[in-house]
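See below for the structure under consideration.
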Amino acid sequence: MTWEVVLRVGLVAVAFLTLPLIVGQTEHKVMAHMQARLGPMYAGAFHGWAQLIADGVKFAQKEDVTPRAADGPVFRLAPAVALLPYLLVLLVIPLGPGDLVGQQLDVGLFFVLAVVGVGVVAVLMAAWASANKYSLLGGLRAAAQLLGYELPFVLSAASVAMAAGTLSLPGIVAAWQPWWLLWQLPATIVFFVSGLAEIRRPPFDMPIADSELVFGYMTEYTGLRFAFFLLAEYVGIVVISSLTAALFLGGWHGPWAESVGWLWMLLKTGAVAFVVIWLRVAWPRLREDQLQRLCWLVLVPLALAQLVLTAGVRVALS
Amino acid sequence: MSIPGAGLGKGLAVTLKTLVTPSTTQQYPDVAPELPPRSRGVIALREENCTVCMLCSRECPDWCIYIDSHKEEVVVPGAARPRQRNVLDRFDIDFSLCMYCGICIEVCPFDALYWSPEFEYAEYDIRDLMHDKDRLGEWMATVPPPPPHDPLGEPSKEETAVAKRASAS
Amino acid sequence: MTLQDVLLAVVGLVAVAGGVAVVSTRQLVRAGLWLVVALGAVAVEFLLLGAEFAAWVQVLIYVGAVVVLLLFAVMLTRAPIGPSTDLDRPALPAVLVGAAAGLGLAALFVGVFGQFQVPSPAVGTAERIGDAVFGDWVLPFEVLSILLLAALVGAIVLSRPSAPQETPVAQGSSR
């Protein structure tokens, strides 16, 4: 029993360490080719497959600088706080049918939403403790953005939970049916868009807008701590992609789901992650007011309408 | 642009098209670049053609050609008196000054200077960019052969002269 | 003393220590961060007691939203790094009032509920809480919803800039 738990946690840790690297490498290459470049070609000899490992080694060698004016303990703690929520979330995302999941949790969806919300605290900690006006501005932007987008994020997730009649992530995936793609389409879009905003990816990267805020709340970070923030960003992509795949795209559903369900889940996650990268390349950054307008005037009403629709269909079906 | 979001769709389409189009990047140190045959890489010197007329040195806009020479008497059998001949002692081009205008090559009346497409002669010290006549001579091997005449163009002066002489005799 | 009891006590101590740190630290933003520790420890207490749903609600609402809002507000106005010297906090009365309130509440709870033997409840799943809220307690729940809605509308009305030419009476608050 305990061995099984250790094994599961170990496997999730492996996924936590490899999937973000794969996503990061894919981003390097896809982004390069979308911009008619080649991207990394040297590290690892074959098309630069080891670029991120080389980056990790580089980060580990760099000096760990804490600014003199910074609030040391808070400054040093922030990267860990940023990384931890995503690690916890990965525990409950179902990979395949049955109990192919890190940890069966009765209120898995709720757990995910709650824990992802904690990431804001890390951003505020990093922003404030850096003693840098750009960092603080970036942190305030991030907090405003995350507080706003939390609402459509939770509401659209609530819609699918209502449709499935359970809060457990494996339960939702098991209850999923192909026609939900159409029925839950608005919720899918709202969830994906607000998820993008939650992980502060372009076009929602106003908090770290490098052309105006240097790098937002990450400006003062160096070495491994900075690498932690970057890792958190890529784990965030994995988490949001896999959540979108599990909640709205049917997770492990597909032909021969019983045997290769996990492959379907990984493929769907990869496809969503590709879209995340694609949007970064193709779209310009949203201005701060456009960002809030999109959230409150488009996504929240859309999510609420979807909730009404979901409730109506549920009542009509039962 | 009447449909809202059309621009966003176009952005996605453009990037996707670029993604599936092979990149034209040349992996330079691994793969030699494909340069046009007449590329202006470096100036090569055919020493035996040089008569030390100094035209190149005088026409050079930034004075980067340095020429030293001395006169030698050549006794030509059957001639009334020995001929004088200029012998090249030094022919240096300072490539830290050269701006690759090619005027020296244009003005050389005896075809002693050529463009070579060779370009990998960077140095760690700027003073090492002063190339002497031996170095410039080495590059003659890399000078591509002159392009063939345009088959539809006028024949060269030499050809017409030969043809005229042949028809006259 | 089971392992759960020990953990409960330890986490409770963490929560109390966090709470004390909130009110005793002289650094404004760190007080907010200690609040995260205190509230997070309370969430862990819920988890240890089997109230899974309440625990995650605690994290979502208090850690994820309330504290963030608080920190956000502090950082928007004034958030110096290092101790603030101008904090006006008389220590002795605060300790007295706090200790009196805490001890009084403890005495009250022990006195009122001390003799009851409560059966260990089943795990507080979302389903059971949903049944309870929308079954037995549906009327208070709905009344609370209406109260919250009224508060929401009231907040919006208060924060809206009043149109000057139409409502000349509501000028009193303009500063």
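For all residues, glycine too, the Cβ spot is worked out from N, Cα and C.
Feature list (source: TrEMBL):
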type	residues	note
TRANSMEM	A:6-24	transmembrane segment
TRANSMEM	A:77-95	transmembrane segment
TRANSMEM	A:107-130	transmembrane segment
TRANSMEM	A:151-173	transmembrane segment
TRANSMEM	A:179-197	transmembrane segment
TRANSMEM	A:226-249	transmembrane segment
TRANSMEM	A:261-282	transmembrane segment
TRANSMEM	A:294-317	transmembrane segment
Ranking A:107-130, A:151-173, A:179-197, A:226-249, A:261-282 by the number of C-beta pairs under 8 Å to the transmembrane segment (A:294-317), which range is first?
A:151-173
Between the stretches A:151-173, A:179-197, A:226-249, A:261-282, which wins on the count of C-beta pairs under 8 angstroms to the transmembrane segment (A:6-24)?
A:226-249
Of the listed stretches A:107-130, A:151-173, A:179-197, which one has the most C-beta pairs under 8 A with the transmembrane segment (A:226-249)?
A:179-197
Contacting positions for the transmembrane segment (A:179-197) when only residues 6+ beyond its ends and CB under 8 Å are counted:
145-146, 148-150, 152-153, 155-157, 159-160, 163, 203-204, 240, 243-244, 247-250, 272, 275-276, 279, 291, 294-295, 299, 302-303, 305-306, 309-310, 313
